[in-house]
Amino acid sequence: MALRFPSFSQGLAQDPTTRRIWFGIATAHDFESHDDITEERLYQNIFASHFGQLAIIFLWTSGNLFHVAWQGNFETWVQDPLHVRPIAHAIWDPHFGQPAVEAFTRGGALGPVNIAYSGVYQWWYTIGLRTNGDLYTGAIFLLILSTISLIAGWLHLQPKWKPSVSWFKNAESRLNHHLSGLFGVSSLAWTGHLVHVAIPGSRGEYVRWNNLLGILPHPEGLGPFFTGQWNLYAQNPDSNNHIFGTPQGAGTAILTLLGGFHPQTQSLWLTDIAHHHLAIAFIFLVAGHMYRTNFGIGHSIKDLLEVHTPPGGRLGRGHKGLYDTINNSIHFQLGLALASLGVITSLVAQHMYSLPAYAFIAQDFTTQAALYTHHQYIAGFIMTGAFAHGAIFFIRDYNPEQNKDNVLARMLDHKEAIISHLSWASLFLGFHTLGLYVHNDVMLAFGTPEKQILIEPIFAQWIQSAHGKTSYGFDILLSSTNSPAFNAGRSIWLPGWLNAVNENSNSLFLTIGPGDFLVHHAIALGLHTTTLILVKGALDARGSKLMPDKKDFGYSFPCDGPGRGGTCDISAWDAFYLAVFWMLNTIGWVTFYWHWKHITLWQGNISQFNESSTYLMGWLRDYLWLNSSQLINGYNPFGMNSLSVWAWMFLFGHLVWATGFMFLISWRGYWQELIETLAWAHERTPLANLIRWRDKPVALSIVQARLVGLAHFSVGYIFTYAAFLIASTSGKFG
């Protein structure tokens, strides 16, 4: 008999019900729970799957390049980046006939196309690509990398090439190689590309392999490097009237500290970016030589941690035992990696609009909105995942003996204080913020807007002033024309920074008022509540006062049977599940705030945001309703327009979102009864009863139904907002 799915669990494979399929899918990636798994095979499988992941990423990015080269308008866009709309790819079969064909034929294309809102055109242009041939070359290169990654993944599953467990647990060597190799060498290589290809490209020189050695990136060549006259590389930067991509107004500097933005492209100076990557490369190349491996020099991480015991004994045994705890737990390592990556992704969202690195991307408003929202949602999912794996670590990998009285054990010992403080912060933020919004809402409703409680964010304004923003009149630090820092800044470091902070044509240090103060605290409420749920889930994962033996039930369990009250909905998985709703809710507020403030800035009517954002009806009426009007009008008696597809997606997103509640609110008994009724009717109906299931149909478990509900809620929520965001922005600004 052929092996039934799932092959990794014989117990499940023999299950006579549809549970087999659902539990099989749910545990497919939980390698630790598979039959015949060993620590060695676990590490090897994960290692090999990383190569598969890389192969998919390279294939996907190769596809982006290939489709733009084949069906896009990159060469036309390069001629006029501000007025030509970049094409992502063609649409094969636009539905709804000729009106659809006409609506979607744009950007100078001959047929219907999708417009790119990903920023790839600006990125490729900035790094020196100019022709479709360049894009094809990049696509082929990435396809080759993808193939190599696949082969490497397969190779490392062959007996001869399987690394040993000791190799995986050699933390010092891995850190050295990742710091020096991944970050150091790749940053140095990127600096090389910027200096040799991108910067000459921005000055009208087309550098490729055939002329790479013939064109000096700097007139002096390597002379200043070897003679220690490094300042020569910063002299004669591009002038303020430099036209990007041409020699007009171009300088010769390659590594600068100008600060601020290129006046024409409104993006960071390429020579500043090259300098930044060179500095990063230097730091990480040094960092990659810090840890002790074969040569007996450098630090041993274990020794560092063992020695790291705070004086006075106030933190117990400090970091003793942590090295082995972390090094032997994949979940702990994954939790740390996800936490770091989540924070970095959110920082990317922030910096891509406030300090745009790619030429002309700041003037492509829809792309700016899409990239900000995209990176914030990604960050939210990654950060919640960090806590999920932290909780799994406590259940599966934590050893109380090994961690006696160290900082980790002490976190568990005083978890009540941590959880109650977070709870207090969340309650305080929630009641006060909502109280202010509701008060203001009532005042507007009663026709007395002057009775609103409007609080100026003076501390935040003071911080902005300290960094050089003069409009508030604080006259402090960098905003004080008499301070030594201000005077040094004019000449020594970042002379363009202070100009950029005080120009109104960018998103650096936007002017803030009472509306910003309120929404800031609403977001703080969301962040603290999400964190409360996640932290409580992880710290209570092993047990709580109500259920001291919780760890024996695993990561996700619905209840401990009907006979034990209070054990439902308190697994670590349930905490993750609840936190994701709060995470989505919080990022909703973040993106609403970002988008509305920027729409009014771009349209030149910032007073709309300032006046309407201080009360709830303002957000509902002047942001959500006003900006969804075009979506609600996507199909009308006059035919269709280029926003129709977003209007459809807006409706479809709501449908998917609402479907989530079918799984989230109705419980298992209802479904089991319904399924049995349907199966009974099916078996007694002629023709229909010729078809039999191999598996007896049963309802999803409570935990699985929650997962399916959460997935629909999340996907529908994001789909709906994506359509709203792109349509409302592109409808206004093209």
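Keep in mind that glycine also has a Cβ here, set from the backbone N, Cα and C atoms.
Annotation source Swiss-Prot lists transmembrane segment at 46-69, 135-158, 175-199, 273-291, 330-353, 369-395, 417-439, 517-535, 575-596, 643-665, 707-727. Among the features that Swiss-Prot reports, [4Fe-4S] cluster binding site is placed at CYS559, CYS568, with the record citing sequence analysis. The chlorophyll a B1 binding site annotation in Swiss-Prot covers HIS654. Marked as chlorophyll a B3 binding site by Swiss-Prot: MET662, TYR670.
Where Swiss-Prot records a feature, it is marked here on the structure.
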residue : record                        : Cβ contacts under 8 Å, 6 or more apart
CYS559  : [4Fe-4S] cluster binding site : THR567, CYS568, ASP569
HIS654  : chlorophyll a B1 binding site : GLY716, THR720
MET662  : chlorophyll a B3 binding site : GLY709
TYR670  : chlorophyll a B3 binding site : none
Among 273-291, 369-395, 575-596, stretch most in contact with the transmembrane segment (175-199) (C-beta, under 8 angstroms): 273-291
DSSP three-state assignment (helix, strand or coil) for CYS559 ([4Fe-4S] cluster binding site): coil
Stretch of maximal Cβ-Cβ contact with the transmembrane segment (575-596) [cut-off: under 8 Å; candidates 135-158, 330-353, 417-439, 517-535]: 517-535
Beyond the flanks of the transmembrane segment (417-439) by at least 6 residues, Cβ under 8 Å: 411, 452-453, 455, 518, 521-522, 524-525, 528-529, 531-532, 535-536, 539-540, 614-616
Tertiary contacts of the transmembrane segment (517-535), as residues 6+ beyond its ends and Cβ separation under 8 Å: 384, 387, 418-419, 422-423, 425-426, 429-430, 432-433, 436-437, 455-457, 460, 575-576, 578-579, 582-583, 585-586, 589-590, 593, 613-614
